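K.L.:
Take this structure, written in structure tokens, and hold onto it; I'll ask about it next.
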Amino acid sequence: MAGPDGRLRCPWGSTTEDYAVYHDTEWGRPVHGDDALYERLCLEGFQSGLSWLTILRKREAFRAAFAGFHIQAVARFTEEDERRLLADPGIVRNRAKIRAALGNARVAAAWEPGELDRLVWSYAPDPAGRPVPRTTAQVPGSTPESTALAKELKNRGFRFVGPTTVYALMQACGLVDDHLADCWRHAPAVSGESAR
């Protein structure tokens, strides 16, 4: 679907200005780093059952509330911090999701630096073997890789990391390219500096 600028985008990427900016500048671009991946995993978990637009519009408040999603800082959050988060109108105040975000930080804080990044990216599928979606109906909600990564994360103590949430992480962080075939952001359509 063409936006006001004439660019063809995935249909969801043309519905609001916030979505267009996110679609064009973030979604599907490779994300590395433990803190950056922890942030995306938390936000995907908070999105569960809600619109992604809600999370996008609250993202800066989430970053402020969760110490910039620095794993080591969040891992030190106390019960008082949990109460503060539950009272913060700028974020999604779901007790189970907040506790999962705090617990996941405590798990990841005990890992070697770079371990979350290595783990997540070890489940990136070979792009050569993936069909290019032409319609949103052809974009899966989960894959064998997202199911396996979700299982591994759960085995290591993470919560709120089901296969669908993990697949959304994989899409957002560039492990897979689910931009539709005619979208200007689809990998073969993007070359060099035009992607930036």
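Each residue, glycine too, has its Cβ placed from N, Cα and C.
Feature list, courtesy of TrEMBL:
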BINDING   Cys10, His23, His179, Cys183  Zn(2+) binding site
K.L.:
Of His23, His179, the binding-site residues given in the record, which has the fewest other CB atoms within 10 A of its CB?
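P.N.:
It is His23 that, of the binding-site residues His23, His179, has the fewest other Cβ atoms within 10 Å.
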K.L.:
With every protein chain in view, what's the tally of Cβ atoms within 10 Å of the Cβ of Cys10 (Zn(2+) binding site), excluding that atom itself?
P.N.:
24
K.L.:
Just counting, how many other CB atoms are there within 10 A of the CB of Cys183 (Zn(2+) binding site)?
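P.N.:
Neighbour count, Cβ to Cβ under the 10 Å cut-off: 24.
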K.L.:
Return one of helix, strand or coil for His23 (Zn(2+) binding site), based on DSSP.
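P.N.:
Helix, per DSSP.
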